[in-house]
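Undergrad: One structure coming up, written as structure tokens, with questions to follow.
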Amino acid sequence: MASTSLTRFTHHLEPPLSLVETCKSMDQLKQIHCRTLTLGLPKTPAFHNKAISFCCANKSGDMDHALKLFDRIPEPKSVFLWNTMIKGYSRIDCPRHGVSMYLNMLGQNVKPDNYTFPFLFKGFHRNLGFSCGKELHCHVVKFGFWSNVFVQNALIHMYSRCGQMEMARRVFDISCKTDVITWNVILTGYNRSERYDETIKLFDEMEKNGVVPSSVTLVSLLSACSKLRDLEVGKRVHKYIERCETERKLILENALMDMYAACGEMDVAVGIFDRMKTRDVISWTIIVSGFINKGDIDLARSYFDQMPERDYVSWTAMIDGYIRVNCFKEALVLFRQMQAASIRPDEYTMVSILTACAHLGALQIGEWIKTYIDRNKVKNDVFVGNALIDMYFKCGSVAKARRVFSDMSRKDKFTWTAMIVGLAINGHGEEALGMFSEMLRASIKPDEITYIGVLCACSHAGMVYEGRKFFASMSTEHGVEPSVTHYGCMVDLLGRAGHLREACEVINDMPMKPNTIVWGALLGACRVHKDVGIAEMAAKQVLELDPKNGAVYVLLSNIYASCKRWDSLHELRESMMHRGIKKTPGCSLIEMNGVVHEFVAGDRSHPQSNEIFLKLDSMTRDLKLAGYSPDTSEVFLDIGEEDKESTLYRHSEKLALAFGVISSDPGATLRIVKNLRVCVDCHVVAKLVSKLYDREVIVRDRTRFHHFRLGSCSCKDYW
């Protein structure tokens, strides 16, 4: 308490009531209370009311102290005091305490008034609404407050907060509906429940009833238009705002801008932005997000860099933008800048960064993120858990993915699906199917993505019988109709197992037109089993759908080379040159000490390039002494064997492998991400390196993982 106030109080015995009215903190209030007791001054009911009101309503208030003061009143008969206590518990999100206070009030034969139920319902959440919302609704009717507009609004708010929109709508439909606040409450409820079409329908009804919308109404409506991408209604609202000369509050201008940005009308959104007299961080973030949604990442970054202030939402939006356009390294760089700016990330930021780590195979950074989440108590919900599982699997760390799954208190269908897909691509087919059985026992209904994981598990493990069974039962048992992707999985399963004719029959019997994925699966199987005839047919089908598909030419070239069909190979090469088709260069990523290094086939741009190639020479000599002979069957260049070996020698995964060996401690696991399918020779080299150098080598290529240990691979040479 200020010294002058304390002096006045001590020397002139100023009534404590006036001091309570001017106090600023709980410390001051307690000092006043203490001096009142010491000096033996009377504590009037007005003093108690003011002191309790301060504890309940002030930001620095203390409900425990309020309750102590309240309990000292012998027989509290003032409904005002009871309401004040109930309101205080709502303010601090303790609605159950408010309900207890209300029941105690009835026990003291104090009847509620017009303010009791609005204060009581204000803090309700879903669980409390389900447990006692309807019972308290009966009390509203019993005590005769049913027709009170404030109580009606409170009921609508309570039901909508608890997700019971049908009940909220019933209350609304029999309410007087003359107050715009009533309409705003139900509109907000529909938006909260993501029933945006109902928001727009209700606005039409509001206009028919002649209720003049407020800025809150218009913001709710624009938000619904934004979510539905409803430009027509959004423009109608904009015209209404201009026609009625509605006050252009910042929140309303932001809502207008967000609606246009969501509908892809960035020129209009930027026009509003440029004309705004004041802007906040939300205004800037809307523009950044709008350009991200249009795919213009550079313009989004330009606005982001101009922002006078950035919060965690704007940083997360920009990070997520980079992830959408597959700029994962840029996303990680931006996250480091976010950390340097001392901006605390939330769970959405964590999901975005874990996604980037998953794509880059950056396990060390992913592990750091996991530690950060634990230490800083970032909300670790089901979305973060799912992202962690995905990250660990995509980095080849199966055991840690299992651990996260086991520790999750809540699991949804995406959690189970992530486990099934992750186990499948990492070569644990039988465990993936076991996980699917557990999912069904947990009464989680699988969807189309789950079945893609199940069929992939069967394909990678060569379980043809099981795959046929699951494919046949997915629609009859769970109502999941096979899509073109599921048919592609079946073609892959049958083709890899050598049932090429049956795979062709599946394609012919498809109820929809096969796409490049389906034909590509058949072509990949032909490479394994060296069936030139079916390969040529499959390649022709792919090229009819996608004439510029360079991967098809490469696969077919590899098949011709492995079958020694040199004439066909030359014709295909000439066709590639004539059409301007170029082979996608091989690219491999490896993370060392939290930094992701990128290698392209034959690349010498890395700062340690000389050391890498020296190590590669040394490794090649060691491997040859162990019996390694370069497999040039998939090198289709018209050059001598020595040059073919030199071409193999410069493959990107070999460069990454050599770099990993010189940059890590002996015995450390090496994790490599390859943008293309790993070639036969690199597969052989990785097996030998794992044996000779006592290393676990994990390579993630375009289709699956290869876990190399002690000279063997988890794929069992079946890829």
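The backbone N, Cα and C atoms fix where each Cβ goes, glycine too.
Found this in TrEMBL, in case it helps:
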- 627-719: domain 'DYW' (DOMAIN)
- 78-112: repeat 'PPR' (REPEAT)
- 179-213: repeat 'PPR' (REPEAT)
- 280-310: repeat 'PPR' (REPEAT)
- 311-345: repeat 'PPR' (REPEAT)
- 381-411: repeat 'PPR' (REPEAT)
- 412-446: repeat 'PPR' (REPEAT)
Undergrad: Going along the chain, which residues at least six beyond the ends of the repeat 'PPR' (412-446) come within the CB cut-off of under 8 Å?
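TA: Distant Cβ neighbours of the repeat 'PPR' (412-446) are 382, 385-386, 389-390, 392-394, 396, 398, 401-402, 405, 452-454, 456-458, 460-463, 466, 474, 478, 480, 703-705, 707, 714-715.
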Undergrad: By DSSP, how many residues in the repeat 'PPR' (179-213) are helix, how many strand, and how many coil?
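TA: Across the repeat 'PPR' (179-213), DSSP assigns the residues as follows: 26 helix, 0 strand, 9 coil.
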Undergrad: Would you report the average pLDDT that the model assigns to the domain 'DYW' (627-719)?
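TA: Mean pLDDT for the domain 'DYW' (627-719): 82.
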Undergrad: What are the DSSP helix/strand/coil residue counts across the repeat 'PPR' (311-345)?
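TA: In the repeat 'PPR' (311-345), the DSSP-based counts are 26 helix, 0 strand, 9 coil.
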